[in-house]
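As given in Swiss-Prot:
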type: BINDING; residues: Asp10, Ser11, Tyr42, Gly43, Asn74, Thr75, Thr184, His185; note: substrate binding site
type: ACT_SITE; residues: Cys73; note: active site, proton donor/acceptor
type: ACT_SITE; residues: Cys183; note: active site, proton donor/acceptor
Amino acid sequence: MDNRPIGFLDSGVGGLTVVRELMRQLPHEEIVYIGDSARAPYGPRPAEQIREYTWQLVNFLLTKDVKMIVIACNTATAVVWEEIKAQLDIPVLGVILPGASAAIKSSQGGKIGVIGTPMTVQSDIYRQKIHDLDPDLQVESLACPKFAPLVESGALSTSVTKKVVYETLRPLVGKVDSLILGCTHYPLLRPIIQNVMGPKVQLIDSGAECVRDISVLLNYFEINRGRDAGPLHHRFYTTASSQSFAQIGEEWLEKEIHVEHVEL
C-alpha cells in the first residue's frame, strides 16, 4: 500500500484524457498533474528541446513525492520515455505501447492508421512497436499538426475545427480499419474524428489503454492507495493560464478542479 499520488505530465491539457480514464477505472487513486501549455505543442519542436522540457516536468512531479509517473504525451514518450524510465527508481509509463497493442487486437483487416504530432509520426515509433508484435500488419501514419493547438485553444467543436479535421484526415478515409489517436489531445476531438473516418473504423485511445497498465503496475509493486486513506486531493498545475486550463479540464472531467499556475 502506498498513499502517495500518481504523477501525470503532458505538453498541455491532452493528458487529461488519461486522467479521466484513471478516475473512472481507479477512482481511489490521487493525482498530481502538470501541463506545459505555455510551450505547447511539443510536436513541432526538436527532440532535444522536447527532452529538456519533459525532464523539467518530471523533476517538478518528483518534488510532489509521486509514487509513479505517467508520461501522458505521445511526443514525449517517443523522445525520452526510455531514458526517464531507466534513470528513476519509481515506475514510469508511456502511452505508445499500450495503444499499439490495443490496435493490433482491434484490427479486423490488418490496416492500422496512426495520427499524431509531427515528431511522433517522424519517430515512426508506432509502426516499430506494431511490427515488433505483428510484422504483417499495414500501418499508415499521418501527422496532424493543427489538432493539438485547436484543443489547447478550447475549440473542440467549432465549424473551423470540423473543417480542419476533415481536410487533414481525408487521406486516411477508407484505407484503415483501426485508427490510433496517437496524441492524448485527440480524444477531445473524438466525435469529429469518428464522423470523418466513419462508424466502422475503431478509434484507439492510447491514453485510455495506458490506464490498464497503470493498474497492473500498482498491483505488481503493491503500491495501491489504501481504501481508508482519507479524502482525495487532486492537484493540477499549468505553465499557462490556470483559468483556461480549468475551463477545459472541468468540461472534460465533468467536475470542478483547482488549477495552479507554475513557472518552470
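Every residue, even glycine, has its Cβ placed from backbone N, Cα and C.
The Cβ of Gly43 (substrate binding site) lies under 8 Å from the Cβ of Ser11, Thr75, Gly116, Thr117, Pro118, Met119, Thr120, Ala143, Pro145, Ala148, Cys183, each on the same chain and at least six residues away in sequence. Separating the Cα atoms of Asp10 (substrate binding site) and Cys73 (active site, proton donor/acceptor) is a whole-number distance of 5 Å. For the pair Tyr42 (substrate binding site) and Cys73 (active site, proton donor/acceptor), the Cα-Cα distance reads 9 Å. Asn74 (substrate binding site) falls within a helix when secondary structure is assigned with DSSP. In this structure the residues listed as binding substrate are Asp10, Ser11, Tyr42, Gly43, Asn74, Thr75, Thr184, His185; their two most distant Cα atoms lie 12 Å apart. In sequence order, Gly12, Val13, Gly14, Thr17, Pro41, Phe147, Ala148, Val151, Glu152 are the residues near His185 (substrate binding site), counting only same-chain partners six or more apart with C-beta under 8 A. Cys73 (active site, proton donor/acceptor) is surrounded by 38 other CB atoms, counting those within 10 A of its CB over all protein chains shown. Looking at Cys73 (active site, proton donor/acceptor) and Thr184 (substrate binding site), their Cα atoms lie 6 Å from each other. Around the Cβ of Asn74 (substrate binding site), 36 further Cβ atoms fall within 10 Å across all displayed protein chains.
One way to see the shell of the substrate site is to take the Cβ centroid of Asp10, Ser11, Tyr42, Gly43, Asn74, Thr75, Thr184, His185; the remaining same-chain residues with a Cβ within 8 Å of it are Gly12, Gly14, Gly15, Ala40, Pro41, Cys73, Ala76, Thr117, Thr120, Ala148, Cys183. Each of the binding-site residues Tyr42, Thr75 was scored by the number of other CB atoms within 10 Å of its CB, and the largest score is that of Thr75.
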